[in-house]
Amino acid sequence: MADPIRWARYRWQRLIPTEGRECSSNNSSSKCYQLSKTTGKHRVVIPCLGHFKEEYEKLSKLYMNNKIRTTRYTLLTFLPRNLFEQFHRREKKYIDECWKNVNVGDFVRLSRNEIIPADMVLLYSSDPDGICYIETASLDGETNLKQRQVVRGYSEQVSEIDPEEFSSRIECESPNNDLSCFRGFVEHSNMDRVGLSKENLLLRGCTVRNTEAVVGIVVYAGHETKAMLNNSGPHYKRSKLERKVNTDILWCVLLLLLMCLTGAVGHGIWLSKYSEVPFFNIPGPDGKLSPPTLAGFYMFWTMIILLQVLIPVSLYVSIEIVKLGQIYLIQNDIDFYYEKTDSTIQCRALNIAEDLGQIQYIFSDKTGTLTENKMVFRRCTIAGQEYCHEENAKRLECYQEMDSKDEDSADCQCGSSAPTSKCQGNNWRAVCEPLNRKSMTQLSGRFSAFKRQEEAGDTSNSGHMAFSSPIETDVVPDTQLLEKFSQISFHSYQQSEKASSKSSLETMYIADFFLALAICNTVVVSGPSQTHQKVRLSSLSRMPIKSLEEIRQMFQRFSVWRLSSSPLPSVKESSSESPNSFVRKLSIFGMKLASPTLDGADERISEPHNTDSPENSQVPGEIHLVNVAAGGEPNHAVSSIELSPIPKLSYEAESPDEAALVHAARAYKCVLQSRTPDQVTVDFAGLGSLTFQLLHILPFDSLRKRMSVVVRHPVSNKVVVYTKGSDSVMMDLLRTASEVHTNNSEIEEKIKERTQHHLDDYARRGLRTLCIAKKVMSDAEYAEWLNHRFLAETSIDNREDLLLESAMRLETNLTLLGATGIEDHLQEGVPDTIQALRKAGIKIWMLTGDKRETAVNIAYACKLLEPKDKIFTLKSQSRDACALVMSKILEDIQDNTSVKKNRSEKLGNASASPSTQAQGFNSGLVIDGRTLEHVLHDSLQNIFLELTEKCRAVVCCQATPLQKSVLVKLVRSKLKAMTLAVGDGANDVSMIQVADTGVGISGQEGMQAVMASDFAISQFRHLRKLLLVHGHWCYTRLTNMVLYFFYKNVTYVNLLFWYQFFCGFSGTSMTDYWILILFNLLFTSVPPIIYGVLDKDVSAEILMELPQLYTMSQKSVAYLPSAFWITLLDAFYQSLVCFFVPYFTYCGSDIDIFSFGNPINTAALFIMLFHLLIECKSVTWIHTVVIVGSILFYFVFTLAIGATCKTHNPRSDFYWIMEKHMTDPVFYLVCLLTTCIALLPRYLIRVLQGTLFPSPVSRAKYLVRLSPEERRKEIKRWKDECNVNYRVKLQATSVPSS
């Protein structure tokens, strides 16, 4: 009882206003006041040990512990276990504890591969850089490792943190379910604060990987952890068919009530006709008789019990079994297997398979869904000069040719695709090596050797890392750009920063451009055989130490570097510093730095030597390498090239864009060597090894649409901001002519104009574009911004707004360096899939975050838009302007439609050719994200939907994830349409969950979309068969089975109802109750299930060839309201025949009640089973076995029960009934005649429908019987007819209704 009381008290105290709480002790009044002030919105975490023992005891009672189900103590173990825990808490060591004993404020130590028991702030990691790797597969499904960082100020501890000496307190936000955000700060005893973010939080359920030991303090436990708050249960979706079935069951309930009311009234009228008391009307204990009205009331409930079979409760069970069978067939379809990723379809939702056959709208993401999400570096522009990379384009052509040649052979091979990738990479080098041989020879011997060493190591790694296929990593440099790049030296780079000539600026732009590509990212550098193991270039190992004095100086310099390399602000071991001390530490970075490393003998030899320099004077004739640490002094140490072999590196990026840019920089010998939380090392061909101090990383977000890194440049010793982002926002952040020096203003304006022209050209080519810019800050400017950033990081309320404001304050007055164009190829089969889905009557919308030109180009490439379509662009700055533009577009569409209509009327329908008749007006709509904000307003939703209905396709570009989900929800609710959303990334999760059916593609952007989806596929082309074949089958099978269940139950219940007219509505049954119970449960239950799982109206090949057949299931032709009522009428007719044919046969005879009911039951069984055979489109041996087995089981059971069950009432004895009928020819004649008369109308109707009025499905089924040549001709003729009908229909729908 301790836990429920504690939980209730916690909840009650959360409801009480914190201002009304009083302190219980006088000596802690200030602490209590501060606590009551903050626990309302925030959470204060006090360590369980050390100086806060009393405060911890008070505060820990407010928070939940880590128990989920069980209690902590029992009556027997309370005292000994409590004493045991108290004694162990005083020891300075960790003890093994169960998860349920973890509380807020406890210190937890975890080792490699252990699961995190509660949400805790990371205070120590065995990694030297204070990094902890965790696997979050249990939360988001991603198997790639995530990095978490120790709280600033604790990352440089030599030994493990001692909980007894921890004297800080943590204040953070109240428990919430936001996995992507964590707000709080650590407050030390000297009142210094250090901000906390999600990078410092280890979430419950994650697993520690590649880290020997971590220590953290618990901030959320039990049900308050983010994982538990996100566990709200499964998201249940109801299918459209299920909603219809529920409605029809209500009609069955009304029918049951009507039949029971008829029986009650009939029973009362029947009793009132007797002038005397009938012999069967037994009086009550008081001697009085029940009046007819009361007897009729009682009979109403008797009839409810007798006729309750009319409500098909077993239908729900049968539906679930059928859905399981359908899902099994879908998951075992070999066509869904994708060999490259060794994956197949995943059916994550078992209750909406039939919705796949009714989709009307598809909302698709672009990147990774329609495209491969393999980003290939194609073009770039630097300082207004474009570099086309023609040799790299030829390399891609070689890859495409080899992919087409190897496609057939790959299907015959088994195993993973990694060997294939390696083979392709080697083949490319054999074919395309002459392309870059000329450019390679222009570099030094060391440069070429480095290239060969890289190539040897890249292919062995490509199969193990994400975004590392040879087509992505092997970039051939542009000859012109490579020549300019090779001329960059340390001297020329320094001169370019001071000079203002065009050539000097171009040198600086090129160097900074590639430096930005290399460091403006979050790429993790790892070794070839150790994924996630960072490569560290230790400066100590590269220095030949000659004397003890040099060793002493080295350690002095190393200590200075360690002091200056931590990001600001941070809390060091000395706890006496105030927040202002962080700004004073900026003076450390003002030291004068020596020249950076010149890595390579050829570069140094080609430069003029300065014999007066101290470097050359120390060791003449040798190559001097200077290890430049940010903020530190130059290391006057010498090394030869042989002593510093270049390691084989692999890059693990969070997105393919980052990986493509890093590999492009690497192709130009601007190699990202290592990355730690404090610094980034880049090996620049002309400048040597440069170590940048990493001050801040401003990650990419959907609002800013850009990313920035703040570094201390090792050459200039200045604070430099490198930014990359979308050109739609970056161009507005560039500095104006008034802010530029007079000599450079015109140059920068020309660069801006030329770059914009190149960006537009890239977008027209379908390339993904990014702008690269930089900004140089003085120490004073950086200190001012640092104060604002510090306040934002240490705040809890409005933290996101403050961080956004500080980022926007920094990312202004940028200098444009250039832009990149990255190509993302279409997936295989996307154009054919889109065309097939469109012929199936499905409208397709593309929702993407890319810019308009890129989205439109991809839409043309995948045939979502066609050249003959007229494209309308909806772009406006205000809501009123948006309404006017949409009205104008609607008028334009109507005018064009009327012109087309008049032309067709002049030509005449009789003499016009099919192609002339098919000419209609096709239009497409393109809308950007800013205009979507106006369109989604309530006042413009209707006109927007009217406009989209008249368009052939809709492309929404630069849309946010929220806008995507709102669009899907709008179409689903306003148009009452069945929607399907397909995507592959985390930004598609919201629209996948909102749509009727969500499909996730297991691509390269993680598993969030797959985890949130109902169905997961590997390629977009699989959507074609999933909808056109399995969607059609699932819907038709299930609807036919549901209608059959209604027919079967109504037919059998009516047999009992018709008998009531001949027994005084007494509720008597002419059938034995065992047979009555088991008739629906055993005798007729399996055949409809097999029918619902295996029935096949059209083969898969025909459905793929003729997508127009999908409209039959899309329009719910098989389950219209008329079909339901016709089924009930047929059930009434068959029940009348099944009852009255035996009735008139045995009328006037002296047979007993069960002898009369047995032929009726037997005939009903034959009628229902043969009715199922008439409705079956394909009868297999399984159908035959099940139907014959049901008939045999019925006879065996009735014979057995007739031979064994003997009652004491001879008039109602079922004993030997079936045995007597088996020897009576009349019994067989009655069953045969009843079955034929009952099924004759339905059989005749099906014959007439198949011959005189064939449906498209019937025609398609006939194609299977034709020879291959005749079938091919018939399908071609059918397609021509469907194309004409589709275009004429499209023209008719474009005409506005009166």
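Quick reminder: no glycine exception, Cβ is built from N, Cα and C everywhere.
Here TrEMBL flags 54-89 as domain 'P-type ATPase N-terminal'.
Using a Cβ-Cβ cut-off under 8 Å and counting only residues 6 or more beyond its ends in the same chain, the transmembrane segment (249-270) has close neighbours at 292-293, 295-297, 299-304, 307-308, 310-312, 315, 1046, 1049-1050, 1053, 1057, 1060-1061, 1064-1067, 1124, 1128. Annotation comment: TrEMBL describes 249-270 (among others) as transmembrane segment.
According to TrEMBL, the feature transmembrane segment maps to 298-319 (among others).
Taken from TrEMBL, the feature Mg(2+) binding site applies to D365, T367, D984, D988.
Long-range Cβ neighbours of G849 (ATP binding site) (same chain, at least 6 residues apart, Cβ-Cβ under 8 Å): T367, S702, G929, C957, Q958, A959, T960, N987. Look at TrEMBL and you will find D365, K366, T367, E658, F700, K724, R768, T848, G849, D850, K964, N987, D988 tagged as ATP binding site.
The active site, 4-aspartylphosphate intermediate annotation in TrEMBL covers D365. Long-range Cβ neighbours of D365 (Mg(2+) binding site) (same chain, at least 6 residues apart, Cβ-Cβ under 8 Å): M846, L847, T848, K964, V982, G983, D984, G985, N987, D988.
Feature annotation from TrEMBL assigns region 'Disordered' to 599-619.
Per TrEMBL, compositional bias 'Basic and acidic residues' is recorded for 601-612.
Taken from TrEMBL, the feature domain 'P-type ATPase C-terminal' covers 1010-1255.
Within the chain carrying the transmembrane segment (1041-1061), a Cβ under 8 angstroms from the stretch's Cβ atoms is held by residues 241, 245, 248, 252, 255, 259, 263, 266, 303, 306-307, 309-312, 314-315, 318-319, 322, 1067-1071, 1079-1080, 1084, 1088-1089, 1091-1092, 1118-1119, 1123-1124, 1127-1128, 1130-1132, 1134-1136, 1138-1140, 1157, 1160, 1164, 1167-1168, 1171-1172, 1175, all 6 or more beyond its ends. If you look up TrEMBL, you'll see 1041-1061 (among others) marked as transmembrane segment.
Look at TrEMBL and you will find 1073-1094 (among others) tagged as transmembrane segment.
Counting residues 6+ beyond its ends, the transmembrane segment (1122-1144) has Cβ neighbours under 8 Å at 248, 251, 255, 1043, 1046-1048, 1050-1052, 1054-1055, 1058-1059, 1062, 1156, 1159-1160, 1163-1164, 1167, 1171, 1230, 1233-1234, 1237-1239, 1241-1242 in the same chain. Feature annotation from TrEMBL assigns transmembrane segment to 1122-1144 (among others).
Taken from TrEMBL, the feature transmembrane segment applies to 1156-1174 (among others).
According to TrEMBL, the transmembrane segment annotation covers 1180-1205 (among others). Nonlocal intrachain contacts for the transmembrane segment (1180-1205), taken as residues 6+ away from its ends with a CB within less than 8 angstroms of a stretch CB, comprise 1072, 1074-1075, 1078, 1082-1084, 1086-1087, 1090-1091, 1094, 1158, 1162, 1165-1166, 1169, 1172-1173, 1214-1219, 1222.
Taken from TrEMBL, the feature transmembrane segment covers 1226-1245 (among others).
The number of other Cβ atoms within 10 Å of the Cβ belonging to D988 (Mg(2+) binding site), over all protein chains shown, comes to 31.
Sparsest Cβ environment among the binding-site residues F700, K964 (other Cβ atoms counted within 10 Å): F700. For R768 (ATP binding site), the same-chain residues lying six or more positions away in sequence with a CB closer than 8 A to its CB are T367, M375, D657, G821, I822, E823, D824, D850, T854.
Neighbour counts were taken at the CB atom with a 10 A radius for the binding-site residues T367, D984; the maximum falls on D984.
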